[in-house]
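Step one of this worksheet: look at the structure below.
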Amino acid sequence: MSWGTELWDQFDNLDKHTQWGIDFLERYAKFVKERLDIEQNYAKQLRNLVKKYSPKRPKDEEPRFTSCLSFYSILNELNDYAGQREVVAEEMAHRVYGELMRYSQDLKAERKHHLQEGRKAQQHLDHCWKQMDNSKRKFERECREAEKSQLTYERLDNDINATKSEVEKAKSQYYMRTHMADESKNEYAAQLQNFNGEQWKHFNNAIPHIFKNLQGMDERRTVKLGETYRSFAEAERRVIPIVSKCLEGMVSAAKAVDERRDSAIVVESFKSGFDPPGDFPFEDFSQNLSRTGSDGTISNTPKGDRDRDGAPGSRPDPKHATSKTKNKLWLFGKKPKWSVKMAPSLEDFSHLPPEQRRKRLQQRIDELGKELQKEMDQRDALNKMKDVYEKNPQMGDPNSLQPKISETICNMEKLRSEIHKNETWLSEVEGKQGSRGDRRHSADNHHHTPQGRESPEGSYTDDTSQEHHTPHHRSTPAKPGPPNPDPHEFDDEFDDDDPLPVIGHCKALYSFDGQNEGTLVMAEDEVLYIIEEDKGDGWTRARKQSGEEGYVPTSYVEITLEKSSKGAVTYI
């Protein structure tokens with residue numbers, strides 16, 4: 001149904017209707033804006049909620065219980081869900097609200113153009129009507145004037161008293177008015193014909209064309225609203241699969257809660273590694289009493305206790321017996337002072353129970369290993385860059401990389417020393433747990449250093465401020481502390497009866513103060529004899545010309561091995 005044929009006379013109403021359509025479109029755009037604001041605020045509140053309940057401690061210190069891990073998984077899924085709400089808001093802002101606002105501006109401009117064309121057509125028709133109306137009025141006036149002049153002429157012509165000149169004058173006036181009336185008639189007829197033609201064009205061509213454009217504009221507005229209604233729903237529908245996955249993740253996290261695993265983690269977390277307390281021995285206080293009864297008096301001492309304690313005359317040492325179980329009963333009774341009053345944290349974790357100490361040491365070794373691998377990768381990259389600079393000097397100065405390479409090598413030596421020291425402590429703990437009778441043998445079995453050889457930096461110490469050597473600066477290391485449980489556990493490896501043969505020589509690239517036990521002091525450019533190669537721990541065993549032996553950092557020396565080194569050269 002066309003507006004041009006049905007609503008040819010409703011220009012003002014169509015003007016109001018098209019304005020209402022644009023107002024309605026902008027009202028819907030405002031609704032979408034408020035809706036996406038709600039989505040954005042909802043997503044923001046969800047993210048704040050997740051942040052509030054997320055763990056604040058480092059991951060290494062977080063509980064590993066399945067109930068906690070599941071809750072953290074739910075928080076992650078909820079955070080992803082909040083992200084999907086942000087996606088909904090973004091889609092609504094871009095595909096609906098933004099599109100509507102841009103379309104509204106175009107619609108206003110188009111409506112203004114069509115209405116201006118309609119008003120121009122109406123103004124042109126009004127102008128034609130005024131011209132026709134003026135010619136009509138003029139024709140009417142001329143006709144009245146002609147009628148008056150006719151009446152005057154007829155009256156004078158019939159009046160016998162009127163002079164001939166008066167009659168002739170009235171007659172000429174009559175003819176003139178009649179002629180003017182005829183001209184006005186012709187002009188009125190022409191203007192009327194022109195107006196009728198323009199009016200036909202106006203209502204059959206101009207107005208239908210303008211109203212058709214207004215109708216197309218309004219229909220496109222309606223179609224656009226339908227499309228944005230669909231986009232409004234699609235913005236929500238697109239995220240439904242991901243939202244479903246988030247909800248499925250929450251359900252999976254709930255199913256992952258395992259009470260038996262949590263119980264096992266409790267055991268693993270708090271297991272001390274101590275043996276349960278043993279049986280209390282029977283203490284017979286009646287052995288010194290005189291036996292006045294018959295010889296057949298049965299002793300109150302149980303047979304099993306007599307057999308275990310030895311001869312009847314021997315008495316167990318109450319102090320000794322009590323001391324065996326005194327430190328093992330605190331789990332069920334009063335704790336000793338060191339467990340109630342927290343012991344200071346030591347570098348070797350000797351203040352912890354054996355099992356906890358073992359886990360902490362292993363964790364530290366793993367962390368140091370990762371740092372060492374990073375330093376090694378950096379060293380390899382710097383060496384490759386140095387080789388490129390040496391082959392292509394225009395790209396850079398290879399000497400400029402040497403300080404960084406030296407720093408990296410120094411860091412590697414520090415990390416290797418730290419790893420070896422912690423491995424020594426770990427071997428000590430594992431030795432205690434594996435075989436308390438042969439501590440040294442257990443430590444050697446669990447030692448991670450090749451051939452069981454300890455580096456000079458591996459001596460036991462609980463000084464947390466100990467630092468290892470650098471090429472030019474070195475802090476004084478602490479002396480071995482008293483917590484060493486077994487003085488025979490770490491035997492001195494440098495008291496060999498027979499000196500080792502020389503297998504090569506080396507030149508010191510840097511000075512080394514060798515303050516730790518087992519290390520050798522060397523000056524820059526000093527030449528030393530090599531008596532044992534690097535076994536993979538970063539240390540080389542060397543001997544001075546004076547006969548003093550010790551370990552030096554492999555990276556600090558330039559090594560030259562003899563071709564026939566085995567037994568070819570002896571002590572010099």
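Quick reminder: no glycine exception, Cβ is built from N, Cα and C everywhere.
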The annotated coiled coil range in TrEMBL, which must be one of 118-145, 146-173, 454-481: 146-173
Range among 358-392, 533-567 that TrEMBL annotates as coiled coil: 358-392
Close approaches to the coiled coil (358-392) from elsewhere in its chain (Cβ under 8 angstroms; 6 or more beyond its ends): 60, 273, 348-349, 352, 398, 401-402, 404-405, 408-409, 411-412, 415-416, 418-419, 422-423, 425-426, 429-430, 433
